[in-house]
């Protein structure tokens with residue numbers, strides 16, 4: 001039994017609320033238990049300098065946390081004057097994951113920036129960001145493309161992500177902070193609806209893990225991500 | 001008639017939702033039309049170095065905007081690597097306003113940090129921040145002090161703020177962005193429930209203003225702030 | 001009686017020395033008692049990127065303090081690696097005040113940068129900067145425009161500024177540092193020679209202030225600024 | 001057949017030269033083809049502030065590249081004024097990998113800093129850094145601990161890392177830059193001599209990958225890492 | 001004949017005005033033609049961390065230029081966010097030169113910071129800074145030590161500096177900017193009143209220079225510096 | 001007798017190994033005893049903005065030290081977020097020295113960047129950098145120009161540099177760190193093969209130095225630099 005009463009293969013209570021920000025092209029508030037992230041996507045009619053003239057687009061992400069999203073107030077990176085290593089790592093991860101399901105040529109010379117701002121941080125903020133960002137990306141692109149015109153619609157797949165880990169010897173799905181901080185192994189998995197892996201990042205925090213453990217974790221992730229796919233589609237239908 | 005149909009002396013639709021963040025000591029989401037600010041207060045058991053050993057406390061504020069809080073996405077200050085002049089000015093203003101109604105000696109050697117994170121920016125974000133911050137400050141201090149013990153309770157007054165300005169020759173209350181950007185005069189007023197001014201910042205954006213105009217603006221502000229006081233108290237009662 | 005023997009409505013000894021810097025287009029050394037500021041203006045044949053192509057100009061200000069302008073040596077902002085909040089706030093104020101009396105269309109696509117470098121800081125440096133900057137601005141523009149050709153001369157009014165405050169219950173004019181640091185209310189007022197307000201920034205440092213106090217302070221400021229106007233004109237005549 | 005004539009399961013020519021820097025506690029120059037990294041380890045008699053007083057130690061890594069380590073000269077991060085996202089990500093990875101095989105309690109209140117400075121960058125610099133860093137770490141700790149006293153020797157396992165990927169549909173080992181830049185999947189694997197995974201970071205650069213692909217890649221990595229283990233031990237024997 | 005009518009061995013008009021800043025421990029305004037520098041010295045009752053506990057002191061210098069000290073306005077280093085290479089080089093030079101004539105043990109655990117702020121830059125600002133800084137240093141130390149008590153007075157020699165160079169084939173003394181910018185050789189010389197060199201920095205800007213040229217330049221510098229010594233002493237007598 | 005057994009006029013063991021980096025246009029590893037510097041030159045088809053359109057080129061240098069190049073690990077400047085004063089000073093020196101022997105017009109609108117990365121720091125790193133950089137510069141330019149076509153070859157002279165100093169009253173050549181840190185006088189000399197001085201930087205670290213000392217130091221430098229010239233030519237012949 002886990003500290004919050006869930007079974008090992010159970011997600012936390014999940015909601016995806018579309019249209020959370022009044023001014024963004026597309027936005028959601030995604031909640032997984034007390035982990036809450038505002039994901040907002042905006043389409044810009046330009047690409048980074050190194051991409052100009054290719055007729056192709058780009059998708060990038062930024063990630064930040066409100067100072068009071070955590071039990072201990074964390075200092076703003078704007079006050080520190082620079083982005084930390086963890087932030088860099090996470091926003092590169094989110095960007096790569098989204099680009100895996102976007103046909104950049106169909107975007108044309110446009111960029112989509114997806115901002116993931118965490119307002120509640122109870123573990124799994126990077127995977128929740130990917131899951132929410134995919135919905136925000138869809139909402140934003142609907143303003144520029146018609147999703148019914150399949151051949152021109154730039155989103156070529158569905159992507160969602162979840163954390164899995166080994167806690168006290170047991171493989172578990174969707175770790176809140178208290179589990180995450182004591183886990184032996186911590187893994188983030190991003191998958192597409194076609195069943196392929198896009199990102200697989202496993203770290204042995206306390207002791208190396210075996211192939212058998214790896215297999216168990218990938219099984220849990222696969223099932224959890226299918227539930228996330230359903231919630232993403234439901235949110236898009238509601239929007 | 002104003003662009004959104006209000007009369008010159010009318011506030012935008014106002015709500016103050018307490019407890020918006022799960023982990024902050026005290027927090028609210030304040031909305032004035034499409035202007036929305038998350039205000040969160042945390043009490044820390046330390047003071048800035050220059051205050052140590054005096055037995056007295058401090059209240060400070062930080063202000064930021066989500067990149068997609070505005071119609072045009074604005075760049076994160078953490079990405080720029082520094083806080084801009086406008087941010088500095090606003091957070092100094094919010095901090096001063098709150099300290100005007102706090103008895104710092106009663107705080108003891110504690111700091112309260114109030115974070116004001118704008119998620120919708122349609123004019124008046126700094127005044128909405130002050131109004132919301134006062135509620136968050138109350139909620140946070142309730143965890144450390146008993147508001148019923150009047151002699152020890154550190155908050156000695158109520159403070160709220162509003163913008164007023166002259167638009168097309170007419171003094172108006174609570175300017176949204178479209179009015180603000182064309183106003184001849186822009187003024188922010190922070191007042192206490194005892195009727196005194198704490199901050200008065202008037203700027204002639206297009207042409208100097210007279211004593212008569214000043215009097216009219218102060219009258220509008222006074223009435224608007226009384227409505228804000230009532231909403232603050234109602235939010236505290238609900239929390 | 002004030003600590004330096006002045007009456008409540010009396011300015012400190014005032015001088016404005018034109019041509020203080022050999023290489024600037026226009027410059028002055030303004031002294032108000034021990035508060036001394038070098039104001040220097042230069043016209044540049046370019047405008048900020050966001051103004052290009054409009055045929056209109058811009059006026060901006062920078063403010064700094066020598067490390068040893070204060071009794072306690074203050075650290076250089078260049079050494080800290082960034083401008084502080086106070087500096088940002090002051091240079092935005094000076095720029096706004098000057099733009100209020102300049103017809104930016106008449107400037108054409110030119111910028112004027114006014115540097116205000118404090119070499120003695122005994123209170124009122126921001127208001128002395130505005131007063132001195134207006135003279136430096138005139139001197140610099142004389143090199144590019146003929147002040148006799150009224151229709152083309154870009155300066156459309158005279159502006160000066162002064163601090164007022166309430167010290168020990170008494171409204172006083174032009175506060176030196178020792179009064180400023182104990183004042184109940186501190187207010188900066190910038191006015192044009194036509195009698196209108198351009199900036200009004202009042203802060204209750206110790207206790208909120210009433211309408212009656214506001215009226216008294218504005219009266220003092222008005223009289224003091226008239227003396228500053230006379231000194232500005234005399235400096236221009238001498239140059 | 002690969003562009004450099006290797007078979008899919010073959011490492012590039014490998015050498016580990018101990019004692020490369022005159023002044024470091026322990027250092028090597030590791031070469032895998034044209035990828036060359038100077039790894040240097042130093043023991044410091046202090047720990048980060050958040051670890052003080054626990055009697056336990058820490059291992060951390062820094063990673064950089066000479067500007068002319070790459071065919072196109074890359075700008076120094078010291079000139080840019082900040083570390084990029086990729087650098088942060090890599091040095092966090094190296095540090096985590098090393099800590100997985102160090103008993104931090106046995107270190108006592110000491111830190112080991114391992115600097116990985118790339119002088120030739122032809123793909124796989126982060127994995128070569130881990131492999132070389134483990135040898136440098138051993139050399140440095142030999143100055144403070146006796147490796148023969150097993151119970152006190154802080155290194156509890158051997159770790160090495162390698163890149164694997166899918167290029168043109170074929171799983172391959174140890175990708176040089178030209179393969180890496182066109183690979184469909186790129187994966188870094190760090191393993192211990194006990195056969196467990198410490199880090200597993202797979203990214204679908206061009207298309208998602210299946211479980212079958214994952215299995216093939218892990219097989220290649222496992223065999224390659226065994227060769228690296230042998231070279232590490234040989235370098236230690238020579239030193 | 002030089003552009004300003006001087007003979008090759010003649011200094012520009014020289015003045016050293018003591019007590020220029022109201023609040024500094026010791027200050028001067030030194031002028032050499034249009035080159036003008038405010039030098040201000042302050043004694044602080046602390047030393048840098050690496051010197052603590054030795055009972056010895058330190059002397060350091062900072063150097064800056066007002067934006068409008070030059071014919072073309074130069075950008076503030078505080079705005080750029082960092083000190084440039086030239087600034088670092090100059091302030092290290094000034095500090096070293098002053099320390100050469102101070103007995104740091106006699107200072108005790110105190111630091112003297114000398115700020116050299118250029119308000120007119122017409123060549124030779126670094127050498128004028130050294131010459132003025134020595135006077136400011138004396139004035140500041142007089143507040144803490146009695147110059148009549150020779151055995152305890154920390155200043156053990158007099159130092160001054162001047163620029164020399166080869167312009168159009170002729171060795172000349174004290175180059176203004178127009179000569180400096182076309183000189184074949186540029187040299188800065190700092191000497192003590194005992195006749196020894198403290199700093200000698202010669203750079204061939206256009207072509208290498210011979211021993212004969214070096215001898216001629218050192219002769220000019222020696223004579224010029226003797227005049228500077230006299231002016232320094234006269235300023236101290238006046239103060 | 002010196003601590004390492006050399007006579008006062010003897011260089012440390014010297015080697016210049018061409019082609020040290022696989023990817024640079026031209027590179028060497030220069031060693032003078034334990035002082036070792038990787039010098040790498042790259043030609044870029046562009047010039048700094050202020051030089052554009054003149055048909056002339058530029059040569060610039062960057063200097064850095066590996067953290068573990070010194071007995072005490074030194075912090076990376078990329079981690080500090082800025083280049084220190086010493087770094088700025090050295091890279092300006094190296095750049096000036098190289099430009100003294102390059103005909104910038106013959107370069108055309110091209111830049112050469114020479115990176116000097118110190119991997120062993122035992123005194124004299126800046127002079128070793130100049131000596132090695134000249135060889136790297138030749139190697140890089142050979143890829144773009146034919147050294148046999150004298151009229152078009154941009155390098156018009158040979159330059160090398162060495163340190164000299166006075167240690168315990170004796171003038172000595174090529175100081176290692178232990179001598180350098182106790183020297184009374186420290187001087188860096190850069191000369192061309194035509195016998196002229198390009199840079200002469202002498203600093204009295206402990207006491208001022210006389211003309212006689214200066215003469216002795218210049219004699220030592222002259223002889224040492226002739227040996228360096230021979231080694232440079234030999235390295236070029238080998239390459």
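Keep in mind that glycine also has a Cβ here, set from the backbone N, Cα and C atoms.
Automatic, uncurated: that is what TrEMBL annotation is.
The following features are taken from TrEMBL:
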type: DOMAIN; residues: B:10-140; note: domain 'Exoribonuclease phosphorolytic'
type: BINDING; residues: B:86, B:124, B:125, B:126; note: phosphate binding site
type: DOMAIN; residues: B:158-221; note: domain 'Exoribonuclease phosphorolytic'
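Overlay of TrEMBL annotations on the structure.
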residue : record                 : Cβ contacts under 8 Å, 6 or more apart
B:86    : phosphate binding site : none
B:124   : phosphate binding site : B:32, B:35, B:162, B:163, B:174, B:175, B:176, B:180
B:125   : phosphate binding site : B:35, B:37, B:63, B:65, B:90, B:116, B:118
B:126   : phosphate binding site : B:63, B:90, B:93, B:94, B:161, B:188
Quiz item: Per DSSP, what is the residue count of the domain 'Exoribonuclease phosphorolytic' (B:158-221) in each of helix, strand and coil?
Solution: 15 helix, 30 strand, 19 coil
Self-check item: Counts by DSSP class (helix H/G/I, strand E/B, coil) across the domain 'Exoribonuclease phosphorolytic' (B:10-140)
Solution: 45 helix, 41 strand, 45 coil
Quiz prompt | Listed in sequence order, residues not in B:86, B:124, B:125, B:126 with Cβ within 8 Å of the centre of the phosphate site Cβ atoms | solution = B:63, B:90, B:118, B:121, B:123, B:127, B:128, B:129
Exercise. Please find which two of B:86, B:124, B:125, B:126 have the most distant C-alpha atoms, given that the record lists them as binding phosphate, and give only that distance in angstrom, rounded to a whole number.
Key: 13
